[in-house]
Amino acid sequence: MDDPVLLSRLQFAITIMFHYIFPPMTIGLGVVLVALEGLWLKTKNDLYHKQAKFWTRIFGIIFALGVASGIVMEFQFGTNWADYSRCVGDIFGSPLAAEGIFAFFLESGFLAILLFGWDKVGPKMHFLSSCMVALGAHFSAIWIIVANSWMQTPAGYKLVEVNGKIQAHITSFYDVVFNPSTVDRLTHALAGCWLAGATLVLSVSAWYILKKRFTGGSEKSFKVALVIGLIGVAGMGITGDSSAREVSVHQPAKFAAMEGVMESGAPQDLHLIGWMNPSTHEVTGISIPYLLTLLTHHDLDTSITGMNDIPQDERPPILPVFYSFHLMILIGCALAALFLAGLWGWKRGWLFQKRWLLWCFVFSVLGPQIANQAGWAVAELGRQPWIVYGILRTEHAVSPTLTAAEALSSLGMFFVIYALLLALFLYQITHKIHKGPDQEAGEDDGAGEGKLQVPFVKD
């Protein structure tokens, strides 16, 4: 491996994929905390209080790992992607600065009260801190999505020559923020975050219920997370449809790769499940005739651009984009079915009696994580060979003095460090789950009936 561009891309992929484990859970869990604490203030039911305190401790661990893993990526813009920073730093740096000013300071300013202020401030002040931390987490997502969306559909800029090099300068901050893909991508990402946080709570709560530990509080948190997850999964479907139609307009090559469209024309079939031939890129599987054109353009006559009409040097890698997109859709449909089953069970009164359903919720935490990673793979791989669509190619964005040996050594170092961080995260999370919510008077631990067994933790 002697290509610094490829190695730099692999390094950034590893760091961003590891980092993206944590912010979605932080954002979604923040919403759960607000709901739990709000219900405690409204009902005075101590079970909500204990659950809020328990999930606050989990939130603190996830937040810490998210911050630690996120800082690394900003340094890579200087070490590995210097020409990218020189070309679009005037624009890309603005949303990152806004995140630090408007989001991170708001979030971290109230974080200490959230984590350590349970017995030091009044209930309403603590609830306010929960709301502000959750709001700050959402603000952070807004500015990051703005920056990434501008890379997908750049707007509000002009190209100028500075010292013999082309740079993009802002002409309209409003157009930069509200570029054609921002709203669709932001709402889609936030729905995925709500789903990630909800399934984390559902997974642990279902495990406690199955093992007959902390059942009273776990049933409360399960129902709260189920409602939030239903909102998230519904939002994913609605915003996903809107986002795909936006991609078909502004990034036809990505859309063709996502849907496996090789020949332009109308109407086009929608591939539900299929296998793409690596050589011909023909898809074999289950398809619904004409549905792709109908969903994309709301008619059967408008043509969809096929990959064969895209210049060869502007085509993204078709297979990984196609499979990542369909994996994301498949997981989304499975989660929708699971949440609807949970809602039906709640309505009919057998939600916590069906062990098979609870076991499905235990493993549901993996679904949004895999789907979120697959979605980002579609977004980033589908944009290739551009790092900023239509402006700057990826191969021209890497640091000119970076050698393959330097990139390879840093890649290996990050891999080892992130593996250790992941092990530390799993240890801390499993330890907190093993310990469970505070066992105060009136809470049935049920420890005699199957204690939670987790790795690294002794009874």
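Yeah, the Cβs are placed from backbone N, Cα and C, and that goes for glycine too.
Note: TrEMBL annotation is automatic and uncurated.
Because the structure is a prediction, the values reported are computed rather than measured.
Annotation comment: TrEMBL describes 437-459 as region 'Disordered'. Annotation source TrEMBL lists transmembrane segment at 20-42, 54-77, 97-118, 125-146, 189-210, 222-240, 321-344, 356-379, 407-427.
In this chain, the transmembrane segment (20-42) lies in contact with the transmembrane segment (125-146); the count of Cβ pairs under 8 Å, excluding pairs fewer than 6 apart in sequence, is at least 3.
Highest Cβ contact count with the transmembrane segment (321-344) among the listed stretches 20-42, 54-77, 222-240 falls to 222-240 (criterion: pairs under 8 Å).
Using a cut-off of 8 Å between Cβ atoms, the transmembrane segment (20-42) and the transmembrane segment (222-240) share at least three residue pairs, counting only pairs 6 or more apart in sequence. Here the transmembrane segment (54-77) touches the transmembrane segment (407-427). Their Cβ atoms form 3 or more pairs under 8 Å, with each pair 6 or more residues apart. Distant neighbours of the transmembrane segment (407-427): 1, 4, 7-8, 10-11, 14-15, 18, 61-62, 65, 68-69, 72, 79-80, 455-457; these residues of the same chain sit at least 6 beyond its ends, with a Cβ under 8 Å from one of its Cβ atoms.
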